[in-house]
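Features reported for this protein in TrEMBL:
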type	residues	note
TRANSMEM	24-48	transmembrane segment
DOMAIN	39-281	domain 'G-protein coupled receptors family 1 profile'
TRANSMEM	130-148	transmembrane segment
TRANSMEM	196-217	transmembrane segment
TRANSMEM	229-252	transmembrane segment
TRANSMEM	264-283	transmembrane segment
Amino acid sequence: MLNTTSVTEFLLLGVTDIQELQPFLFVVFLTIYFISVTGNGAVLMIVISDPRLHSPMYFFLGNLSYLDICYSTNFLSTHKAISFLGCISQLHFFHFLGSTKSMLLAVMAFDSSVAICKPLRYTVIMNPQLCTQMAITIWVIGFFHALLHSIMTSRLNFCGSNRIHHFLCDIKPLLKLACGNTELNQWLLSTVTGTIAMGPFFLTLLSYFYIITYLFFKTRSCSMLCKALSTCASHFMVVILFYAPVLFTYIHPALESFMDQDRIVAIMYTVVTPVLNPLIYTLRNKEVKGALGRVIRRL
């Protein structure tokens, strides 16, 4: 049950306080959002509709595309003002989708390492049952991780300012507005969220290190090695662009001096990576481009 609080709604201050920049930023972000939803939607559609793409790699890519569509879409606040319940709900879904994506990227890196390093055993290791179990597990863990934060945040009292120095309801800006002791919330943020961010990040690094080591020692064709390393490098770039801002945001303490930086950094994992994922992971892939061409010809 939510505690009684004098604050019934919050005011989201947006990306910047400079009024003159806001129309320009609106057009930029709307364009990026349209590209992101179109690209991820196309990937999701062809992964579901084309039987030739019903494999573990594309199963996880479909999950990623669905996540990115939801992650970059705001259903709860059409204006700067957002209700208390709406704010807590937005916080929940933001961390639910974000933590799920963090773990999904690690699973995708593991899938790539098995496909490259154990090609003959790939279908045995990455069988449909294991893939389904892994997907369900990360979605469930992400949900309960977010539920923990949303419940703990909803129990705080907010009796002062209702101006959130962010473009969405996140834990750290809300803790700055809370009245009373927030040490437990801060501890949960740094330990639980830190673990969910750091753990998958190191597993992802380990998978890519294993892939690169395998390629250097096992691949004799220079052209194949360069192509594989180019693919790994592009995938790794997306991974870094997601994990680095997340780790920066949730590992350092919630100081006033970091509030503006957190707003800018959050753009990387809420706006930039969702639009890059379909370009990097799938639209460079011959099978995906072939499937997309077949869909377009049928229309």
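Placement of Cβ uses the backbone N, Cα and C atoms for every residue, glycine included.
Only residues 6 or more beyond the boundaries of the transmembrane segment (24-48), in the same chain, are considered here, and those with a CB under 8 A from a CB of the stretch are 15-16, 58-59, 61-62, 65-66, 68-69, 72-73, 271-272, 274-275, 277-279, 282-283, 288, 291-292, 295. Confidence across the domain 'G-protein coupled receptors family 1 profile' (39-281), taken as the mean pLDDT and rounded to a whole number, stands at 86.
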